[in-house]
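**Q** Just dropping this structure here.
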Amino acid sequence: MFLLVAVIFFISLIWFNRDKRYLPPGPIGLPIIGNLPYFILCKKEAPEAFGNLAKRNGPIIYVRFGAMEAIVLNDFKTIQEAMNHPDLQDRPEQKTFESKKIKDAVGGKAEGIAMASGKAWKHQRKFLVNTFRDFGVGKSRFEDSVAMEAAAMMAAIREKNNLPFDPQILFSNAFSNIICSVTFGKRFEYYDPKFERLLALVLRQFEVIGGAAVLAAFPILGKFEFGPIKEVTKNTLEFINFFQNIINDHKSKFDENNINDVIDAYMLEMRSSEVNGSPDPEVFNEKNLGALVGDLFFAGIDSSVSSLRWALVYFLINPEVQVKVQTELDDVIGRDRMPRWEDRSRLPYVEATIAEIQRIGTVAAIGGTHAARKDVTFRGYTIPKGIAVIPNVYAVMRNPVLWPKPLEFKPERFLDENGKFTKPEHFIPFNIGPRKCPGEQLAKMELFIFLTHLLHKFTFYQPEDTPAPSTDGKMGLTFKPPPFQVSLRERD
Ligand code: HEM
């Protein structure tokens, strides 16, 4: 009996690993579950575990979890080539949101930008990039909205009366409000119950989505809708309801001569496509609008919140860097006014510090999963149609050849011999290629304004009797620091 089981096991092992002939090397997978045990047993977060596999197998590796197969790219040149490849710009099919309940609520399949492929992605991405440009998002004329939100957040910080606090909620309030303003032209007071509910949902969704994605890789488990998948479905239905009310409100007040936000601009595009047949009416419709609004929330909040939290973690551990940033701000800007976006070219140490936070924090550690539109031959391997292609940006940002002593927090690595800010081409926090982050300019402005305004007014330090914050990031929707507490003093 034992012999029979052993024979069946080995035959299935060979069968499940059979079609690796043209695929890159990787660890041998078990039947059904694939490489899941490796990732559980190695006790590392996925980006680091991929990097370790690459040390043994070369920069391009193949891994499998249940039905989800992935090719992971672990060095800069490979990522650069793949992310610019015209046939590698799709997204893999999304099983996490496959629930019938979600489809019923939306009236079918809804595609925004972040998870879309083909023409839905191409047209809507172009729309978003143009709309951001027209509204001046991430440009000087948008600065006042960002600065106002930073001021509201600092007022809320002062209400903590010098008691230690976890910055997660306040940062989430602020960055959510910026996305609300861009998307539907409204910001909320921090204690508005509607806003508190929305924020709690957003934060919870960020927490459970990773677990749901793992379960969804096993179609049989995914069908039963339990645990995280059930919760993701429930939260998504609540989001749909929230966004739909806002869209309905915009519909009732729509005025084509008064386009104020992304939803207005999208409705104008829908009108034009109804009347002229261009842009494509199959793409610009209300279902996809809802999905696009959701994308802005999921892509545009957690990444900025986690970046600013990494900033505080590294300032608490390296107080001398915080002092240098404050000294540069005081020397260049002075104490009588707040720093402005246009000041940044005169603040090389500030720019270098923000870059170093983005490098060492690497919030988009596996920076955007792509997929092949058709079978692609890449560096002698086959990337089969639909398979996930993961750029391991974390491995690039911590490669000791590119960044000597990569675990040390050293803003100076971004300064040249004349003290000018400089960044090498392998610095890719927003990924590269046609699919790179369309919110890059906004994110850069948010980080600059929030960081400089906070350090202009406050000095952060580790609360007494608490351990130093951990730099061991955790993978959720983004790569983020574990919760920590911070204290501050108001500067003179
Ligand atoms: C520090 C902050 C941010 C970082 C590090 C970041 C990074 C990224 C990365 C790595 C991707 C995947 C690119 C790819 O698939 O190749 C992405 C996609 C995206 N990001 Fe960001 N992002 C940030 C902030 C924002 C903000 C503020 C917004 C919105 C206003 C935004 C909107 C998007 C959207 C819509 C996508 C999907 C693009 C597509 O699929 O074509 N991001 N971001």
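Any Cβ shown, glycine's included, is placed from N, Cα and C.
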**Q** Out of 233-258, 415-440, 467-492, let me know the one TrEMBL marks region 'Disordered'.
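**A** Among 233-258, 415-440, 467-492, the range TrEMBL annotates as region 'Disordered' is 467-492.
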**Q** Give me the DSSP three-state residue breakdown of the region 'Disordered' (467-492), ordered helix, strand, coil.
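**A** So the region 'Disordered' (467-492) is made up of 0 helix, 9 strand, 17 coil.
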**Q** Which state, by DSSP, holds Cys437 (heme binding site): helix, strand or coil?
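**A** Cys437 (heme binding site) sits in coil per DSSP, no helix or strand.
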**Q** For Cys437 (heme binding site), what residues in its own chain, 6 or more apart in sequence, show a Cβ-Cβ distance under 8 Å?
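**A** The list for Cys437 (heme binding site) reads Ala299, Ala364, Gly368, Phe430, Asn431, Ala443, given in order along the sequence.
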